[in-house]
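Features as listed in Swiss-Prot:
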- 1-20: signal peptide (SIGNAL)
- N102: N-linked glycosylation site (CARBOHYD)
- D160, E193: Zn(2+) 1 binding site (BINDING)
- D160: Zn(2+) 2 binding site (BINDING)
- E192: active site, proton acceptor (ACT_SITE)
- N343: N-linked glycosylation site (CARBOHYD)
Amino acid sequence: MKLQYLVALLFVQAVPPVTAGYIHQYALAGSAIRQPIDQKTQREDLNKLVSDSPLLSLHRTICEIESVSNHEGAVGEMLIKYLRDHDFTVEKQIVPADRGTNSTAERFNIWAYPKGFPRPKIILTSHIDTVPPHIKYSLHAPDGDFDRAKVRIMGRGTVDAKASVAAQIIAALKHLKSNKDIPLGLLFVVSEEVGGSGMVHFSNSELNTNPPFFHTLIFGEPTDLTLVDGHKGNLRVTIHAKGVAAHSGYPWLGHSAISEILPILARMDELGDIPVETGGLPSSEKYGRTTVNIGTIKGGAADNVVPETASASISVRLAAGTPEEAEEVIRRAVNDVSGGSTNITVNFPDSMPYPPIDLDVDVEGFDISTVNYGTDIPKLEIHDEELEVKVKRYLYGPGTIFVAHGAEEGITVGDLEKAVEGYSKLIDAAVERDWPREVVVN
């Protein structure tokens with residue numbers, strides 16, 4: 001055995017098992033051997049990867065800025081500067097703080113369009129708020145052989161929905177670079193995560209004309225790069241029970257509100273599994289079962305006191321029918337269980353419940369899916385009732401909803417870059433679409 005081969009063999013045997021953190025590869029004696037790099041070098045390599053990409057660097061910048069709902073002002077200001085630096089005309093839509101919050105900070109929707117096109121026909125839109133808490137942006141190399149596309153970006157908003165925001169902007173810039181006359185607009189709204197007041201504000205504004213000046217809306221949410229043909233409807237329910245407080249040693253002297261509400265909640269929990277014919281909530285082939293989630297239960301003062309009050313909040317994801325029909329089913333179910341007790345009160349606090357939302361999927365080259373989560377799509381009223389050709393609504397975006405809102409929220413570089421291609425494809429289809437009318441906006 002040649003001496004140099006023996007040395008190489010001994011070196012290979014001494015190398016520790018492959019772990020994350022090995023990016024560079026070198027050849028020795030015909031064998032590929034990974035050489036470890038220290039964390040500082042790896043961090044510098046990953047940061048350079050991001051800094052060299054307009055998409056990744058924009059995504060990093062907006063994700064590093066905390067923008068929990070009702071505190072979106074800082075990220076909004078950053079986006080306004082970025083868009084103006086790239087020759088967009090940008091308008092602020094000041095949105096008041098949501099009811100019940102203590103925030104006094106200014107926050108706003110962002111309405112942007114190429115100079116000279118204040119009424120764009122194609123609008124890309126997403127939201128700039130996130131759920132709490134803010135989680136710091138971080139980069140993570142893949143295990144095993146280094147693959148740029150598998151580098152993982154983690155932190156709050158990296159998926160929901162700042163990935164869509166960044167990809168939509170870069171896709172728009174790409175198209176405007178090749179054709180500055182493409183009528184593209186950008187709408188980024190606040191408070192999607194807490195009721196959709198940002199989109200409601202836009203919907204009620206003079207920008208939402210009748211008839212609409214736009215013919216295509218492209219909404220950005222995490223869809224795993226699939227084109228979504230619809231999502232379930234939504235209805236919120238609160239149930240309150242009233243009792244009489246007493247010493248727990250003498251419970252017959254009082255009346256337990258918790259005992260009153262428990263059988264009602266048990267019935268609510270199964271309404272999605274009961275056939276409509278026997279009092280259940282509807283299902284559909286497209287969306288499956290209507291689902292009921294009892295999200296919070298509150299009640300009682302102490303374990304040695306008969307509880308005087310109890311309440312529960314419930315989210316219903318509708319697979320079919322209307323919110324009004326679902327409300328009737330729920331009222332009947334509560335009445336059946338409680339025997340019409342006046343101690344029970346049912347409320348439907350959402351001012352804008354909505355049925356299942358069907359969306360457009362007529363662009364080729366995408367996998368198709370349905371989703372169970374809600375969006376602010378139904379919060380935008382489109383005044384196309386009198387039009388022969390209706391406004392197209394698409395829902396598409398990078399990342400998976402399964403990690404959104406969680407401690408492990410994150411997305412790969414590959415998925416983020418593919419999203420630019422996907423949005424570009426949707427823009428191309430919108431540009432090519434025949435729009436057989438001239439819209440006159442007063």
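Glycine is treated like the rest: Cβ placed from N, Cα and C.
Annotated features taken from Swiss-Prot, shown on the structure.
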residue : record                       : DSSP (3 states)
N102    : N-linked glycosylation site  : coil
D160    : Zn(2+) 1 binding site        : coil
E192    : active site, proton acceptor : helix
N343    : N-linked glycosylation site  : coil
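Counting in whole angstrom, E193 (Zn(2+) 1 binding site) lies 33 from N343 (N-linked glycosylation site) by their C-alpha atoms. When the recorded positions D160, E192, N343 are ranked by how far their Cα is from the Cα of N102 (N-linked glycosylation site), E192 comes first. With respect to Cβ neighbours within 10 Å, the glycosylation sites N102, N343 differ, and N102 shows the lowest count.
Counting only residues at least six positions away in the same chain, the Cβ atoms of T130, V131, E221, P222, G399, I401, A404, H405, E409 sit under 8 Å from the Cβ of D160 (Zn(2+) 1 binding site). The two recorded residues, N343 (N-linked glycosylation site) and the residue listed as 'active site, proton acceptor', have Cα atoms 35 Å apart. Around the Cβ of E192 (active site, proton acceptor), the same chain contributes S69, H127, D129, A161, G198, M199, T375, D376, each under 8 angstroms and 6 or more positions distant in sequence. Take the CB of E193 (Zn(2+) 1 binding site) and look out to 10 A: across all protein chains shown you find 20 other CB atoms.
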